Amino acid sequence: MIKITVKRFNGEKEYLESYEVPENITVLEALEYINKHYEANILFRASCRNAQCGSCAVTINGEPRLACETKVEDGMIIEPLRGFKVIRDLIVDREPYYKKLLGIKNYLIRKNYPEELEILIPKYVEENKELRGCIDCLSCLSVCPAREVSDYPGPTFMRQLARFAFDKRDEDGREITAYFENIYNCTTCAKCVEVCPKEIDIVHRAIEKLRALAFSKGYYIENHLKVRENVLKYNRSVVEEELPLLKQVADFYPAESEKLRVAFFTGCLVDFRLQNVGKDAIKVLNAHGVSVVIPKNQVCCGSPFFRTGQRDVAEMLKRKNLEIFNKLDVDCVVTICAGCGSTLKNDYKERKFEVKDITEVLTEVGLLKYKPLKMRITYHDPCHLRRGQKIYKQPREILKSIPELEFIDIEARCCGAGGGVRSGKPDIANLIGKSRARMIYDANVDAVITVCPFCEYHIRDSLKRFKEENKIDKEIDVMNIVSLLAKVI
């Protein structure tokens with residue numbers, strides 16, 4: 001027997017109850033066992049028992065899961081889905097969801113009915129097949145950071161709109177509805193994709209495609225055009241403030257005993273804002289036996305434009321970088337920006353080179369014996385690294401290898417900067433950032449480490465605002481993992 005805990009609600013107060021249940025059964029079976037053997041009368045929803053109806057979704061150890069397909073574990077905590085009004089025990093109020101579905105017209109709309117029988121081409125049906133796989137479990141809504149702080153309805157609503165927007169029979173302008181339903185509030189953190197039991201890629205298959213369609217029809221965020229102007233003028237998404245990194249460094253930095261030769265993709269912020277981070281990266285790579293080639297004519301990866309629907313600029317930048325990096329004789333291209341790495345890996349389909357995050361490279365060539373560093377730190381998982389590239393073990397392996405460094409792990413949560421939200425919807429970005437800042441301060445650390453210049457900037461700003469608003473004396477530093485390593489090699 002093992003022990004699990006269930007969060008109860010009797011209509012007036014919440015409380016926790018623990019029960020012993022058999023091993024090797026599902027959470028749904030455990031709840032039924034508890035009601036039968038303990039007469040607990042826990043209320044919950046369930047129907048198909050086969051992961052098809054979505055009704056049994058609950059929060060398990062902090063993550064939304066289907067009770068019918070999740071095995072019980074000792075110490076497991078079961079709660080109702082977060083982000084919804086709780087009616088009783090594990091039952092949440094789904095009524096607002098269904099009303100909103102009707103509000104966005106989740107049905108095929110024809111304005112001009114065909115006179116003859118239409119033949120659906122299999123290719124078009126297949127394109128939308130993934131979007132039709134939703135089982136309405138509402139897991140994605142329960143974890144969406146934008147929905148939590150704004151009137152953005154959430155991922156599954158955008159999936160519904162995309163489902164019809166890309167159906168050639170529908171004639172309702174779903175991209176316009178998406179625009180007015182605040183599709184640009186989405187940070188593209190892909191937490192919705194991570195928790196979806198049907199593995200629907202809502203970010204790439206729905207959000208970004210709807211944004212591209214909306215942009216083509218003139219529905220966009222005005223501030224995103226400023227970023228567009230920057231890249232068309234400077235080949236960077238930000239304006240130059242001091243001498244760029246690419247004008248400060250050499251073309252090649254050889255390692256003494258070369259284990260690997262890489263091309264360094266700097267990204268916009270490291271080139272134009274965080275030049276010292278770029279220099280630290282070169283120093284750290286060389287110290288680990290990695291020679292560094294630095295192409296001076298590289299440009300923005302295009303991530304801000306892929307994410308915000310500006311496909312024309314994104315494709316133009318991609319072509320430029322492919323022409324540069326496809327010619328290089330290196331083992332791989334290394335990035336120190338989560339957004340750049342995710343874009344190169346996932347959007348550069350025509351590339352002839354392998355892309356690796358710097359933490360991948362360092363753990364593969366072998367970590368050094370680092371100098372001790374007395375510091376209490378936590379790590380922020382950039383969304384485009386953890387979910388965009390499936391990299392989360394390597395940074396932790398590096399941090400845990402530094403002697404005397406006290407590492408406090410916290411929940412992986414979006415900082416609010418991505419998906420064009422920091423530039424286009426700063427108020428939304430700040431609200432999400434405030435939540436992240438609170439978690440970091442609650443960890444009582446000296447510094448937060450990350451592997452994304454964009455996260456670094458936004459978390460630093462969020463911590464500063466949180467400190468001032470709450471009159472906190474403690475200062476928490478924010479740094480890229482390469483800058484931390486530069487201190488201990």
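We count from 1, first residue shown onward.
Every residue gets a Cβ built from N, Cα and C, even glycine.
The [4Fe-4S] cluster 1 site recorded in Swiss-Prot includes C134, C137, C140, and the single candidate from C68, C189, C196 that the record places there is C196.
Proximity to C53 ([2Fe-2S] cluster binding site), judged by a C-alpha distance within 10 Å, picks out none of the binding-site residues C144, C186, C189, C192.
Taking C48, C186, C189 as the binding-site residues under consideration, the smallest Cα distance to C137 ([4Fe-4S] cluster 1 binding site) is found for C48. The secondary structure of C68 ([2Fe-2S] cluster binding site), as reduced to three states from DSSP, is coil rather than helix or strand. Shown for the domain '4Fe-4S ferredoxin-type 1' (123-155): DSSP residue counts in helix, strand and coil, namely 20 helix, 0 strand, 13 coil.
Closest by Cα distance to C192 ([4Fe-4S] cluster 2 binding site), from the binding-site residues C48, C68, C134, is C134. Same-chain neighbours of the domain '4Fe-4S ferredoxin-type 1' (123-155): 51-57, 59, 63-66, 81-84, 92, 94, 97, 100, 104, 162-163, 166-168, 181-183, 185-187, 189, 191-192, 195-198, 200-202, 205-207, 413-414, 416, 421, 428, 431-432, 435, counting only residues six or more beyond its ends whose CB sits under 8 Å from a CB of the stretch. Secondary structure at C192 ([4Fe-4S] cluster 2 binding site), taken from DSSP and collapsed to helix, strand or coil, is helix. Here the C-alpha separation of C68 ([2Fe-2S] cluster binding site) and C140 ([4Fe-4S] cluster 1 binding site) works out to 17 Å.
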